[in-house]
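Report on one structure; see the data block that follows.
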Amino acid sequence: MQANSSAKSLPTECPDYQPIHHLHLVVYSVVLAAGLPLNALALWVFLRALRVHSVVSVYMCNLAASDLLFTLSLPLRLSYYARHYWPFPDFLCQLAGAVFQMNMYGSCIFLTLINVDRYAAIVHPLRLRHLRRPRVARLLCLGVWALILVFAVPTILAHQPSSCARDGRNVSLCFESFSDKLWKGSLLPLLLLAEALGFLLPLAAVVYSSGRVFWTLARPDATRSQRRRKTVRLLLASLVIFLLCFVPYNATLAVYGLLRGEVVPASSEARKKVRGVLMVMVLLAGANCVLDPLVYYFSAEGFRNTLRGLRAPLRDRTLAANGAQEALAEPLTETAHASTLTTTSQGQLQPSDPRSSFTPSHEDSSF
């Protein structure tokens, strides 16, 4: 246990956060169990199988990397919520807090870039075609990472663990409340700036671009094709993630920041209630890393075909193994022995080529 005893001042008694810690422990365990393999597989598919040829796959690859980074930090949070105190060095508390903010704002921006790319491809296919190149997409993603890293610096500085007393001992808390002095100082302006650049602008861009695309595709002269259906699924999935994961958390966070900064007068009881809501909404924001892989699967044909290609050799090897076991169970007559050798050799010498199940295309129709 990390104990920071001080002879100068006795810390206050630790608040009872155990009920909300138990909720976070359950939800984040599910997010880790599902999000880690899903995003690791997605990143492997984009980098190794699809080779990130299309513009949308570039954005999806970076989105998967952001989600994977967050899921890798979850064991620190799970240990904290299980023990109800921070047992690690202080810098890991700061790092885990910064990774969450980077993932949330990074996910908002990467989803926005996906939507804007669909807007450029369907509403302005000729005017904006120079922006729809993989090289431009990679430069934009590099700029996004630079932006969220810059905003991570004040987050790291603000996420200092706080000390309190529990059972006669000093313990450290993480991911809880910042001090009133910090809220009234530089934290609130930084929060509002991050909300404007990392959430409000992306939300406005997603709503506008999705609306224009839906309007264009709904016209009587619009081409009805499989590409149209994929685009609609992709945009709807992005809207659902924004409305379900990001809007509730960011709206509650803005209200809580205004209350803590005393921009809006409120009683301490009202602030506690808003904080309780915020602690639930943060779970929705963290759950986006489980929903994003569903966007890849249902919207990206190349991604789906790759997963089918991975399943094919596994199925063939299972069938070959079952055939060999059945042959060994038969009486070892000369005919049965010959049949067994034939079946087994075919299963070994003619495996399914996992690359033959799909042909990744460089066009948008295969994103």
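Think of each number as a place in line: the chain as shown, counted from 1.
Each residue, glycine too, has its Cβ placed from N, Cα and C.
With respect to the membrane, Phe91 and Arg260 are annotated on the same face, judging by the topological domain names in Swiss-Prot. The recorded disulfide partner of Cys174, taken from Swiss-Prot and restricted to Cys93, Cys108, Cys141, Cys245, is Cys93. Residue with Swiss-Prot feature N-linked glycosylation site, selected from Asn170, Asn250: Asn170. The residues of the topological domain 'Cytoplasmic' (117-135), classed with DSSP into helix (H, G, I), strand (E, B) and coil, number 11 helix, 0 strand, 8 coil. By the Cβ criterion (distance under 8 Å, sequence gap of 6 or more), the transmembrane segment (26-46) is counted as touching the transmembrane segment (276-296), at least 3 such pairs being found.
Of the ranges 55-75, 136-156, 239-259, the one with the most Cβ pairs under 8 Å to the transmembrane segment (96-116) is 55-75.
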